[in-house]
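Data block below; observations after.
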Amino acid sequence: MTTNLCFDNDTRYQSLADLSHANTMALSCVADTVVTLTDESQLDDFMANTADSQPLFVLSGGSNVLLPEQLQATVLRPQMRGITITAQTEDYVDIEVMAGENWHDLVTHTVNKGWYGLENLALIPGLTGAAPVQNIGAYGVQLEDSMRYVRAYHLPSKTWHQLTTIDCQFGYRDSLFKRTPNTWLISRVGFRLHTNQTHISADYGDVQAVAQSYAEQHGHTQPTPIDVMNAIIDIRKQKLPDPKQLPNCGSFFQNPIITHDQFSLLQATYPHIVGYPMPDSMVKVAAGWLIEHAGLKGGGIEPIITHKKQALVLTNHAPYQATQTDVITAQNHIAKCIYDTFAITLYREPVWVNTDGTVGYEYAA
Ligand SMILES: Cc1cc2nc3c(=O)[nH]c(=O)nc-3n(C[C@H](O)[C@H](O)[C@H](O)COP(=O)(O)OP(=O)(O)OC[C@H]3O[C@@H](n4cnc5c(N)ncnc54)[C@H](O)[C@@H]3O)c2cc1C
């Protein structure tokens, strides 16, 4: 296969680019053209010479996408770097972060500087520019809690905009960017981080206990944000496979939301079923529990197999060879087993990218 060919003597443009190593699921993918952006002005230049009809797709760290074998689109890869302090008081620091900064590196950088708010989001793969797309969240904290604005390019009108958190229409793993795919390219994200060590959020699952043991090792009575971050890194490493060792794209299915009546009926047969009450007499059911109790932990359809420690994660056992078709085959098999067992429909979480660069999201509600 021919890969990474350059044209116009410009290494920012690659034709027939192999993206198999640019997605954490390690699916085989060749894109017509890839344009790497290291400066915002390069996007203006590129768009000035691009027909409105040209299919475009934005790809950052590739940790939440299912790429097609042939991607007949121009793939824009934001790799602008830099972290700038824009304001500082005794209580907080405002920073502006360029889209190409690695997310986990940003979290450790800020926490080590004594700027707090992102510690619960440690070890989430990907780049900063993608974080607002699904309002990333973990351990009781979401991006929107610290984010103030994004600077983003509106691809259809070829214009730059500054969007506040309200403009971004954030929801649970949801945003304007997710609801209007192929429309925006986020180039900068602004955050307000606080400098007070006592504002921590540690009452989620095992976090409190692990953070407390870190605190005691360091002679503190209460966990600090660094203790919380280290606890979360430990917990995540134990629970989630590292995509570099075993390709995956994190949680593959959304937790389904069913009526309280349906949940009560299931509870009569499965007294240990895991569900969390939601507004309007609805219950969010743990998809991982359903998969495990349908006997599918470590199962699936080769080479796409559920992880033996965390059934919600689908892993690729044929890296750089398996394709989107293998993924949908395994997804349909798992979803059918769950429906046959519990009469619950499972929906996918990662972004499905079509051959023409358009994307398909599945929404449970
Ligand atoms: C092991 C593992 C664990 C994970 N854990 C979590 C978790 O705890 N919480 C959580 O929320 N997510 C989690 N994820 C999902 C994923 O890491 C996040 O969604 C992350 O923000 C994706 O970043 P990325 O750079 O890889 O984006 P990509 O996968 O490259 O892109 C994702 C989507 O965003 C769009 N996009 C990317 N960059 C931009 C941009 N600059 N401007 C506009 N649109 C853009 C793409 O077009 C695509 O639709 C996990 C994934 C893995 C593999």
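Numbers run from 1 along the shown chain.
Note that Cβ sites are derived from N, Cα and C of the backbone, with glycine treated the same way.
Positions annotated as domain 'FAD-binding PCMH-type' by TrEMBL: 27-196. Under the heading active site, TrEMBL lists Arg173, Glu349. Summarising the annotation, TrEMBL assigns active site, proton donor to Ser251.
Here the features listed in TrEMBL are painted onto the structure.
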residue : record                    : CB count, 10 Å
Arg173  : active site               : 16
Ser251  : active site, proton donor : 19
Glu349  : active site               : 20
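The CA atom of Ser251 (active site, proton donor) is located 7 Å away from the CA atom of Glu349 (active site). Taking CA atoms as the reference points, Arg173 (active site) and Glu349 (active site) are 9 Å apart. For the domain 'FAD-binding PCMH-type' (27-196), the model's average pLDDT works out to 97. The secondary structure of the residue listed as 'active site, proton donor', as reduced to three states from DSSP, is extended strand.
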